[in-house]
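*Asks:* Sharing the record's features from TrEMBL:
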DOMAIN    A:77-327  domain 'ABC transmembrane type-1'
TRANSMEM  A:12-39  transmembrane segment
TRANSMEM  A:81-104  transmembrane segment
TRANSMEM  A:116-136  transmembrane segment
TRANSMEM  A:200-222  transmembrane segment
TRANSMEM  A:254-274  transmembrane segment
TRANSMEM  A:309-331  transmembrane segment
Amino acid sequence: MSRIHGRQGLAGWLFMSPAIIGLGVFMVAPIALALWVSFRDWSGLTPLGASEPAGAANYADLLTDSSVVRGDFAKSLRNNLYYVLGVVPAQTFLAFLLALVVNARLLKGRTFFRTAFYFPSVTSSIAVAFIFIFLFSPTGVVNTVLSAVLPGKVDLVWLDDSDGLLHLLLRAVGVDAAPGALRGEFMDLSWWDWLSGPSVALSSVMILATWTTTGTFMLMFLAGLQNVPEELEEAASIDGASPRQRFFRITLPLLKPTLFLVLTLGIIGTWQVFDQVYAMTSGGPQKTTLTPAYLIYREGFQNSAMGRAAAIAFVVLVIILVFTGVQRLVLRKER
Amino acid sequence: MIRPSRLLTILLSTVLLTAACGDDGGGGTEGNATGAKLTMFAFSSSPAEDAVLRKAVDDYNKQGRNTVDLKVLPEYDTALTTALSGGEPPDVFYVNDNKLPDFGKNGVLEPIGDKVDNPGDFYDTLKQSFTYKGTYYCAPKDFSTLQLVYNTADFTAAGLTPPTTWDELTAAAKALTKPGHPGLVLGPEFYRWGVFMAQAGAWPTNDDVTKMTMDTAEMRTALQYVTDNHKAGWFGTPAAVGAGWGGEAFGKALTSMTIEGNWIVGAMKNDFPNTKYAVAELPAGPKGKGTMSYSVCYGVAKAAKNKAAALDFVKFLTSPDEQYTVTKEFPVMPSRKSLADKWLADKPELKAFVAGGDYAKKSVFVPGFSTAIDTFNDGIQGLAKGNKQVGDVITSTQKAGTDILG
């Protein structure tokens, strides 16, 4: 008996070995090495073996030692936080709405709309970014349309405007500088600057991100909607449920697993935003579109501080884990 | 956007490559001066430049001493970093002057600056750009300086001649300003505004780059001058007129003057062939003329297997004849002083750029200093936009630089 089991075990390992080797070489080993690099003083310009151990210095640079590096990291966290808070709800809500529309049985040309809404997601993000640069230019379509709709001429320089939306709002009600309570600093960035809100430039990037990802999530919601059994809805109708009740009592609860998936993927994706920033703003103006992912690139390849770049990657990993954890807890509680 | 961060992938593959082939500590060998196979990494901004470089390599290969395999790479920094960290660097490669301090500090380069023929012929400012802690690492390939580029038709219409002082520059910019069309457009960054600092006798650091010198009356004068002109609307940023850089704003006639380097000549020729323009030396400030230089050198890797052969190849590339051939068709200038007149013979209109070679400041600092420059740029953007004060920018840059210089 045991010999047969033993052989079966061996066969099992053999069948799994391609996957295990693949995961090991392309996932586990690089991640372990990157973790090791984050504790080294390595420029990336000489072989890794020639680097010096740095202890936790790379992490200290980012989190505890007061310096311009920590200030930049704080700015990138602030920017990305506003980015996540703006993009994730917007893309989730829009995707759900579009899925409902496309799923409606009465809609004519459903295939056309489905393709149209999904199109931005399959287009190269760099190409889309360049098109948005034109749209948001001072003489671009956005300003032209706004000028036509709003009184007066709109000549906003979208991608070069570093004013935070919350600061602008406060300025509109007469608060132009930090009140005394916000004079203090956290991680080399004043509380007043932490509360700036996303800059106009970052908001443009957020609009672009929402536009490109909504299609993908729409597809996921659509799949979820089509999995809702028709019998359930029919049964509810026969029991006298109104369309509103059917939506809130049947459709929405059944879509919870999809919602969980969309939110999780959304949070992970938005904490890693890089290509749009790289193509559109390079972290400017006044560092208001700097994100941790862009900072990794800047520190690793332009500043020759590969160890610090790896440390940023792991701090971001922790942040993503925390965010997903919190979101799991919230969704579970409601269940 | 739902894709695993491509960056992380690049970072991880760099690390993985290192693990795979990073056995060599980077010793390298002298090897023979002939009979070697060499690899060269380069970048190029146009197919024409690409072709000229390929021809130079072919010419060398025909001489039969060594064989060079040229690789022209997009995303150059990333590719070079990967090769260096893998311990298998190319024998010869382009080095941007702003990367030199990092390379010097990490012992990436073999010091060959003085080993090329007639090393005294190169401009001194360029030699300084490629010197780190007293070691002159590599001979400059060519260089560019920043000067004043102006629209000749606009100048004639306004009855102006090229300004020679700050006051004249302000007056000219004012006269050329129309709604949505500032008289002068320049990028809001240290690598443009720095010319005014040089003209005012100010600079972010002392000459040895050991101490920050932001908090001086001269620096205040320089920053205040440019800021005031922005405030008045006579100077503008490229973004504010909807352009990506000064040259684009200038070519699209969104301004009448810009401050750019030799590269603008190629852009004007390709993209805006109908705009008539001329180049003048930048006006002198309180402390005289001033500009900045940018350069690229031919580096030889310390870990190269055939350093003698690599040096032979660099000697060929930096020889007067070859350097003239490579720069002849291009706006970038030969880095040898002795070639200036010959190069100018068929393009006298670019004389101002060459003149800058005599008084330009190098735009190179120390490893890790780009963080301080980023902070300075952050401040300069604020000054151009009008939401920051000169004093605050000086304080924050002084602090950022002191963090790095100690």
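Placed from the backbone N, Cα and C atoms, the Cβ positions cover glycine too.
Automated prediction, rather than curation, is the source of TrEMBL annotations.
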*Asks:* The transmembrane segment (A:309-331): which same-chain residues, six or more beyond its ends, come within Cβ distance under 8 Å?
*Replies:* 34-35, 37-38, 58-59, 61-63, 73, 77, 84, 256, 259-260, 263-264, 267-268, 271-272, 292-293, 295-297, 299-300
*Asks:* Taking residues 6+ outside the transmembrane segment (A:81-104), which of them lie with a CB under 8 Å of any CB in it?
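*Replies:* Same-chain residues near the transmembrane segment (A:81-104) but 6 or more away: 110, 113-114, 117, 197-198, 202-203, 205-206, 209-210, 213-222, 224-226, 259, 262-263, 266-267, 270-271, 273, 291, 323.
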*Asks:* May I ask which of the stretches A:12-39, A:116-136, A:254-274 has the most CB pairs under 8 A with the transmembrane segment (A:200-222)?
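*Replies:* Counting Cβ pairs under 8 Å, the winner is A:116-136.
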